[in-house]
Every structure is written in C-alpha cells, then in structure tokens.
C-alpha cells in the first residue's frame, strides 16, 4: 500500500481533516497539517480505530428511527416556522459542502491578494484566514491587501506552494525579447560582425574585399545593394557583416539598449600602428562586451611592422595568442585580398567557441540597422532579425512605430518571403521612419500591433517631456545611497598625454563607500561628439582638463543629458569627484541682473531712515532681490532691500515704467540720480 495524505484519507472515509487530525493526536501520532503523509502502519491503526467505532445493526436501526422521528417533528415545525427551518437546513448543508472542498496543492497570484481572495484560492473561510493572521500578530479585515510574504506564510501553514506571476506589459516587449528559449528549440545561427578601426586603416576596403570575393562569387547575376548589412558564406556557414559607419553599431544602438554585434574586427594598419580612433574602437568594443579579432592590414606595404602593432595593443589588454594571450591576430592585405580567407575562418572559429544560437520557431525580434524615407516606396528600414523568423505579411512594431511587412529584400537585392535569425533584410510597410537601434517584434494580430505601437509612441512622448536619468555629479550621492551606482564610468580628455595619464591614475585611486571609479576611455584633444555618444551609451561623466567640447559635442551633450566637467587643476577634479560621491558637492551660482530703478526723490523719516522714491527704468525690482547702489557709474554699496512699496502697500515686485518706494537695509545715504540695480543669484546647471 502506498502512502496517503491526511486529507485524502479523510475524504475516503467521509470525515473532516480536522476530526482526523484530532484522532491522530489522541493516538499520539504527530501530524503538522492536512498535507502530512501517512505510512501503512498509521493507516492500518486508523482503519482499526474507525472499524471499532462503527455502530452495530441495532444501533443503526435506532439511529434510523430517530431520524424518521425527527423528520416527522420537522414537518410539524415547518408549518409553524413558514419555511425558516428549510433555509437553516440548506445553509447547514452548504456549510458542510464547503468543508469538503479539496485544498489546492499550489496557488498563483500577482502583486497582492485581499484576505477574501486568499481564502477563496485556499478554499478556506475568510474568518479562518483572519484568525490565522491574528495569531501571527496581524490585524486584518476581509478586504485588506496582503503582501507577498504574508501570503506565503499563510499558504505554507496549509502546506500549499505559492507562485507569483509577474505581468509584463506588451508595450514593453523589450523586457521579454531577450528571454531565454528552451535549449531544445535553439538552433545555430550566423555570427554578426562589425568592422572598426582608425580612419584610412582600410575598414571599407576590407568590407569591399569580403563582399566581392564571397557574395558575388556565390550569387551570379545578383545585384549587390547597400542595405547596411550583408551575408557571406564560408565553408557552408554564413557570417553577417554590419556595413554601418564605424562606431555607430556600438554607440547609438547601445545607447538605445540594443546589442547587435557578436564579434568585432579591429582593423589596424601595419605601417601606422595604434592610433587615437583605434583606442576609441577598443573601448567601444570592451564596453559592449564582445570578442575582438585584430586584422593587421596593409601587410603589402614595405613599412609594415606587425610586431609593433602587437606590442602597442598589449597596452590595451589585447595580447596575441602567439605571446600567450587570447586575442586572435590575422595579418591581411585588404587591397590585394590576402589573408581574407584566414580571417573568415577565424570568425567561424570564434562563432563555434561562443556557440551563437537562436530559436527560429517564434515570432521575429531584432534591431533596426538603418531607416530612411523613399519618395516611391515610403518608409524603408533595414532590420537584423536576431531571434525567430520574419515573414512577409507579419504585423510588426518597430520602436514607437508599427505596420505590416509588405515586402522583404535580401542583401543581394532579391525578394524573399522569410528571414531567419542573424539575417539582414530591407522591409517596407511601416507608417513612420524608426531610428537605428530601435528594437522590433512581430505579432500575430495587426490590431494588437497597432495598439502597442500607438501606446509606445504615447509613452515615448511623455518620457521625452520628463527628465532623462543620466548620471551626473549632482545626483551621484543620492544614486549611491539608493544602491543604483556601484561603479562610476568616466571619460577623460586632456591637452597632453602626460596629463591624461596623471589624471586617470589619480581618479582610479578614489574609493568612497565601496563605489569605485572606472575610466572607460581616455584621449588627447578636444571633447568630441564621439566621446559624448560613448558617455551616453555607457552612462558616463566626461572630464575635460585644459580642453573644451566642440560645437557638435556641446549640442549632443545637451540632447543626451551628458554631464561634462571642465577643469584646469588636477586636484580640483579629484576633490570634485570625491565631494560628489560623499554628497558634499557645493552648488555653483551666477549673478543675474533683473532690473534697474532710478532714485527720483528722497524722504527722511524718523525711525525708518531714508526712503527713496524710485522709477523702474528696466526689468523689474523684486522684494527678495539683492541690490547695489551705483553713483556716477561706481558701485558705492551692495546689500538687501528692506522694504518695497507702491503707494502705502507692500508689494513683491514692481515692473518697468512704474514708481515705487524703496528702503535699503542698513543704508541711508541715498541721493537723487542714484541707480539701484537689482539682481538674483541663480544656480548654474552644471
């Protein structure tokens, strides 16, 4: 005989779980609740107990007789009580029925539950739950909300498992785009590769060389068109290349929360070595957390020195495999097509190690690579499908816009009906132009896609009106206190390399309350737009030492709400960062002149002093403003207003072309012709 639970035994023998638990207690058998398992020995003992308690035939006859008599009596009472007894019996029967309802093994809830709702889910009376809460020291009514911990406490007391449902709004589909699929549904997908490097080191030549050698060779008659991405086939395996301007794939897309790249090819010219933009590219790739393969280009040139390139890159933690590191270095000549096959094989090798997989059997999700408005076709968007399969006719939501996929064109200009994971396609059918880096998701229902698209557009509009929560020194302390910041990302730019190194070394030593400083990029020269975009994507603060931001950088910083700090003394930078981390950053104020008044007449009043009868010539004079007295162009006194009146009434301000009476705090030497200049101190937005 297998084990049986207390409530199952009770149900089998038509007795309540409570009575059975009482019986077990009398038999000195310990049970914690109705879910306790009873072994064969206990079951046999119970069977014997209840067998012994069964009434004899004579007893049964007596009981039956009593029941018959009671029925007769009840019939008499029915006539007297006008059906009241019937109702009582019905209620009693109803109560008995609720007692026999089986308790569930598991309940689910979302957010919170009222006492009444919890009782219903547990198949219990609300009064019983209230009693249990009272025993736990919680005074509750039937409509009172219970939190997660209390729900779990009560349910566990009954031996019932609790599961909280987290409801995610469909408008925020980014939150479940990256949800892990079951391993059995995952299939191998092509790697997505971005090529980065310094200007004139051969990025475009390398892309052209790969495209010409692989795409056109395999697609005779196919017209290769520029859609921002393309695929090549190597050893029966595909690789997707993003043909986007330099660092855009990492910056604007990462700033918008999109991770599109799997592998970065860092192109370094063998005759030039590591240059400023090379370092920038390394920092972008590291911030995105993707593997780097170094392509040492221009090996055909006489001045080519690959060993120098390797040596320089070790300073940035890119150590070649030949030197005991884990970075793959491939010597190539993009212009002559040498080493290209080896580079592609290395990409396949990294793909194999990293095991890039996706689930093709679901609705497509992915990222916008490029988008534009065409006079003939309308909105055209290049999408990179990252998971699932996109089909012609699918309703789709892209960023804050929506539509239906009317047509899909591959990277070789052919119309296609389906696009699987890691496939770039150009689509038409969207109602507005999305932005590069926007996420997309296909839906089953066009009506739902429209609703979600419109909701997202509305939410984006509201969010735009609100403040962006980028990291700044003003709110740094608060964010540290709230536990939002564990590491402060900084970008350091200075006039000379020595200053950069000195400042970076000093900043790295700062450690306040376990929050450390991380330098994500350093450079010599003016603060550029690229620095601001990296800061925005990495939520960093930009520090400038003896350098200024250029016009584009200033504009982008304002748009992206990136905090720029400019200094001329190193220890001031350190002091400011430490003060901000400790919550002691003093606000900066600047003076703003708000108005001027001319003294037309003066009056001496006992116990009051000199009252100046004035005429406001410019702006306004306010009661709480600071003032300075100017006589013949020279400031002779600076202080505060004591009173500001119009006729006999105290006023808060007097506007231009109106007369007023003014007294100055602790100053009476006012003369006709004096100018009273009013100013306020405004906090400078850093």
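Glycine is no exception: its Cβ is also placed from the backbone N, Cα and C atoms.
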Which range of 289-292, 293-296, 297-300, 301-304 is region 'G4' in Swiss-Prot? It is 297-300
For the annotation region 'G3' in Swiss-Prot, which listed range does it cover: 239-242, 243-246, 247-250, 251-254? 243-246
Over the domain 'tr-type G' (188-357), what does the predicted model average in pLDDT? 81
Let me check the 10 A CB neighbour count of residue 203 (GTP binding site). How many other CB atoms are there? 24
